[in-house]
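To keep things clear, I will list the structure first and then write my remarks on it.
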Amino acid sequence: MDSISGFQVVSPEHDPYDPNTLLSSGLPTLDVFDINYDFFPVSSSEPKVDPLAIEEPGEYGLIAPNTLNNLKLGYAQEITFILAANDQPVDSKTSTTSITTDFITGLPADIEVIENYRNFSAVALRIESVDELNYILKNPDILNLVPYDSGASTGLMTAESDSRSRPENPRSENTNDSRSSDSQTSNNDSQTSNNEIVIDSEILSAIADKISLTALDALIDGEAQELLISFNSRDIHQAVEEKMELENWSVGSDEVINYQASLFSELKDDILSPFSQDLEILDDYENLPITFAKFEEVDPLIELLQNPDVLRVDVPRIHEKALAESLPLIRQPRAIEATGFTGSGTTVAVLDTGADPNAPGLQGRIVYARDFAPDDGQDDDDSGHGTNVSAIVAGVAPGTQIAALDVFDGDGAYDSDIIAAINWSIQNRNTYNIAAINMSLGVYDWKHTSPLPDNEDALGQAIANARNNGILPIVSSGNDGFTNGISWPAAFESAISVGSVYDFTGTYGWDSASPDRVSSFSNSSPFLDILAPGSEITAGGLSNYSGTSMAAPHVAGAIAVLREAFPNESSEQLLQRLINSGDPITDHRNNITKNRINLASALQVESSRPDNDNFGQAAVLSGTSITVTEQVVTSERLNSRVNPTMPEQVAVPSGGLGQPLFLEKSPSTHLAVTLIPS
């Protein structure tokens, strides 16, 4: 049994896939509201949404289609069930314990209890099948259910540098299994707790989709929580659009940014001023409808959550680095040689691990550097990830500058620090002419199979506001090898998601590599935006980095070049130019076709393939060289350009894998550039 009879699902208005046409007919309607409606199956031969099985409708209107969809696809789901005995509100700790104990006792032995909340009647379970969900939903004590959110540890990702050795897992396993072993202990502890704060189940049901219940539970127990508050800014965006039309302001202008910031400030003051004694503002993010605050008590938070203008209150999640050939494949040398456009006068903000200003390709290119997590006053990059990503941007756009924004504290980056860097980018958009934000990061093994609405999380709102202000947010799609979904935060509607292709012939792990074959590790989905090289990338003096982290900066650099070339086009027009001019590539794993960027075509340059285009079979021609002097030297056969405007280094294709080879250049020496024969 893989479906449940009784009610059909009506999708929210923002659903672009309109699954209503595929629903079974003749069933009463059960509304599905804007809560975690973020998963759809990929195959057009399968129904988009399964019918729901609810014998008594009660308050079950918040069941999201993604839950059933992913269960059917074989992905276990973690769900929090909010309980109330005979639909009566819980009014004591004793009744809370009794309800949850009875609920857990009645479960089949093979259903895993992830978390038994200590201070209110709710239990989080790991559900393996639709049958299990169907069984549980028959319990009359269930008042509501929401996706489980453990707080900052949810979706914690391991570094994607090991993408070769991690095949696709058909079950999205959660690494936080240790929680379940303490579930019964937590329940027993709640019986003897001296804390007498208990949340009414009706109130809990009303706010459960706005807050991590784990964070709420911890706050009741006296553990202070640092939380991201997202505000409803729909009216503000409408007011800004009307003001822009009235005053003839352009997108992303200082006037727009300052006016928008003033409206955000008024909104935040109106909502938060009654709580001035109850919370500590950690960061106000003046250019975003978001505030980062610390709560010591639970009552103010519960009151705040009941305000309809508060969209969500999120625990900052932790992101990890997504990982590192390439220029000839995207026709960058031909494009720059023919047009002279290099991204001059623009900046790309790289939100990563910082960048080494002395690395090959980055000398004199970093216009601004800052640590957000926290600021240690150093501009270096211990991991090399940010240096490699920044050098790829600089290689694609030899004239652009880099704003190296370090959002990582060790191996992890918190949402709060990423949001702070996005806020800085909006504030300084016109100071540095920031064309794009590059985010080669994500949450491992957290797959979304349809676009995630921006307003479902603070980071999504930040990404959307950057794009609304004319800065394109370029995000790596993730390296889990998913063929029907992409990772957080690339899945947000406003994020521009980038997948990876090979640009060499050979093998990569267990996969056969060839130019324009989608990389085995690259996440893919129907709503992926674009492809770029991302395997065995050498840049910034660092070799053989692979991952969608290396694909994303190719796109960010290309946007910078287009910004210089077409200064009168909007950021959205530049993006469409880049996407529409790309070369179509069909993913061999799922037959989804997406365009791989072609900078020459985007710049309207003749894009016929050069004579020497077999990167994987390239061989060094012994004894042939070009002497590089202070003049610009080009070679049609190399399809490359040596640019004297970068006196510290030059980059040309090397033999073997077609990797850019960065060579040190001193004013008094000549460089021998080896030709590759056709």
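Cβ coordinates are placed from backbone N, Cα and C, and glycine is handled just like the others.
According to TrEMBL, the region 'Disordered' annotation covers 154-194.
Taken from TrEMBL, the feature compositional bias 'Basic and acidic residues' applies to 161-180.
The compositional bias 'Low complexity' feature in TrEMBL is assigned to 181-194.
Residues or ranges marked as domain 'Peptidase S8/S53' by TrEMBL: 343-582.
What TrEMBL records for ASP352 (among others) is active site, charge relay system. Packing around ASP352 (active site, charge relay system) is summarised by its Cβ count: 29 other Cβ atoms lie within 10 angstroms of its Cβ, all protein chains included.
For the recorded site, HIS385 (active site, charge relay system), the DSSP three-state label reads helix. The active site, charge relay system annotation in TrEMBL covers HIS385 (among others).
For SER549 (among others), the entry in TrEMBL reads active site, charge relay system.
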ASP352 (active site, charge relay system) versus SER549 (active site, charge relay system) - Cα distance in angstrom: 10
Cβ neighbour count (within 10 Å, all chains shown) around SER549 (active site, charge relay system): 35
Average model confidence [pLDDT] within the domain 'Peptidase S8/S53' (343-582): 84
Alpha-carbon distance [ASP352 (active site, charge relay system); HIS385 (active site, charge relay system)] in Å: 7
